[in-house]
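What TrEMBL records for A:C29, A:C209, A:H234, A:E238 is Zn(2+) binding site. The feature ATP binding site is assigned by TrEMBL to A:K270. TrEMBL lists A:303-347 with the feature coiled coil. The feature domain 'Cysteinyl-tRNA synthetase class Ia DALR' is assigned by TrEMBL to A:356-424. Feature annotation from TrEMBL assigns motif ''HIGH' region' to A:31-41. TrEMBL lists A:267-271 with the feature motif ''KMSKS' region'.
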Amino acid sequence: MPLKVYNNLTRKKEEFAPIDPSLVKMYVCGITPYDETHLGHARAYVTFDIIKRHLEYSGYKVKHIQNITDIDDKIIKKAKINDQSISEVAEHYSNSFFEVMDKLNIKRADVYPKATEHIKEMIGWIKGLQDKGFAYELNGDVYFEVQKFKGYGKLSKHKMEDQQAGARVELDARKKDPLDFALWKAAKPDEPYWLSPWGNGRPGWHIECSVMSTKYLGEQFDIHGGGLDLQFPHHENEIAQTEALTGKAPWVKYWLHNGFVVINQQKMSKSLGNFFTLIDIYKKFDPMVVRFFLLSTHYRSPLNFSDAQLKEAEEAYQKLTSTIDNLDFLISKVKTAENDVEVAETDDELAVYKRKFGEMMDDDFNTAGAIGVIFELVKFINDHVKEEKIDKESLMHDKQMIIGFCDLLGINLVGKTSSGDQSFNIEKLIEERNQARGGKNFKRADEIRKQLEDNGIILEDTAYGTKWRKNA
RNA sequence: GGCGCGGUACCCAAGUGGUAAGGGAACUGUCUGCAAAACAGUCAUUCGGCGGUUCAAAUCCGCCCCGCGCCUCCA
């Protein structure tokens, strides 16, 4: 079954076919490091992490570029408040970004190009656009003239004449068209600047993505991604600049956008101030729970956030870890198989889940459906584990299957269970309790259970002996 | 005004023509000294509403209601 992706340019699910059949080139819009990373960012980057992982699983090599906008009004403002340089601010929040992303088990991009390291190339592009008649200068500012680019609006489906320009933002009367956007901004006093043919200034926001993506991926590539909020104007403007300059269309074959994180039915956003940083969320929840939560809804749908919903994700995630925990315990207790027949039979049945899982992921990265398959598998395994003739090999295959699926989703299950832990006291108390139980001294047995429980240890008596786990 | 997204059980959520996955919660049962975990059963004759097309609709078409997003910076 072929991989299908929803292309926002055509508004259709399309069969995925990269320009170079063996290498997928993907550019994802990165952060502006002026504040802590929040759940909305996490959703975006988990989404593209999943896309990358599934492409790799499907046999493609993926070249992944993600920019860092390290020069911007908000960074300048923050630097003034903190009495720091803009690079100090950018570096601080970039580092923090990588820290929280690593905890979410997000694979690093191949290159994280910074805007400030590509100013020369940007100036070159802007000059090129000016030479071709797509840009004009106004007192040190340079604007892209939208009317000159006939495809403007093709991504966001905006018709220029229908736009209510100035509906929310004050018009700049000097511009030829309200939709014209800045390629270069003249420096105001007190602002950092670079030298340019138009005087001291700095690049506009959109130009960096065009310049850096084509620098690392070529003039045409496969996937360009980001949050849905970037569709207009950012991505629309990027298309206009790039196709105007290179003359090659389409610049990008597939445009992928993730949906918003929503709080009380409102978009989580910086400007509304209703955002939750990952640093704060991690104080209450394991990053893997956060990742599981983000993947439990399809990436294009809005995702409602609340503690209660994270709590539900935690319960579900723990069902997975406890299954692995139980399997580990059984594996340590059960005999090896007497013949290969039983193992092979189980493997045949497991193959069904593998197929279903793959179909879900091939259908526009349907992680929510794929998680559903994992739980079907868990149910199947727990059921067949009850059989008396269960053997070590089958159990190990079962375990590997669950871990394998979770790996494809970047969900780490290993290291979350308590089976690897050693604690002399716990084992000793369990032994004492079992002696008490043997002598029908249930009062003492329950005392020990309570004592361990108070220390966060839950005991479970099974047919194969007593196992313990940490209380979550 | 333009463009677009969404409305599936108590909650979350998959499903875009073939008769409603999965998770959480709840209740009942099996197991257990008691628990826990696990398993079994119950939990939407129904998918915002009303019409239409079809042998067949949550899925297609039309109208309507509700919520949200973009058209400023935002993942």
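The chain as shown is numbered from 1 upward.
Cβ coordinates are placed from backbone N, Cα and C, and glycine is handled just like the others.
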Close approaches to the motif ''HIGH' region' (A:31-41) from elsewhere in its chain (Cβ under 8 angstroms; 6 or more beyond its ends): 68-70, 72, 74-75, 77-78, 89-94, 96-97, 100-101, 227, 260-261, 268-270, 275-279, 281, 290, 305
Around the Zn(2+) site recorded as A:C29, A:C209, A:H234, A:E238, what other same-chain residues have a C-beta within 8 angstroms of the site's C-beta center? A:W205, A:H206, A:E208, A:S210, A:H224, A:G226, A:L230, A:H235, A:N237
A:C29 (Zn(2+) binding site) to the residue listed as 'ATP binding site' - Cα separation in whole Å: 17
Take the C-alpha atoms of A:E238 (Zn(2+) binding site) and the residue listed as 'ATP binding site' and report the distance between them in angstrom, rounded. 23
If one looks at the chain holding A:C209 (Zn(2+) binding site), which residues at least 6 apart in sequence have a CB under 8 angstroms from its CB? A:Y27, A:C29, A:N67, A:H234, A:E238
According to DSSP, folded down to helix, strand and coil, what is A:E238 (Zn(2+) binding site)? helix
Would you mind checking how many other C-beta atoms are within 10 angstroms of the C-beta on A:H234 (Zn(2+) binding site)? 18
Look up A:C29 (Zn(2+) binding site) in the DSSP assignment and report helix, strand or coil. coil
Measuring CB to CB from the residue listed as 'ATP binding site', give everything in the same chain under 8 Å that is also at least six residues away in sequence. A:D35, A:H38
Three-class DSSP assignment, the residue listed as 'ATP binding site', comes back as coil
For the binding-site residues A:C29, A:E238, work out the Cβ neighbour count at 10 Å and name the residue with the minimum. A:C29
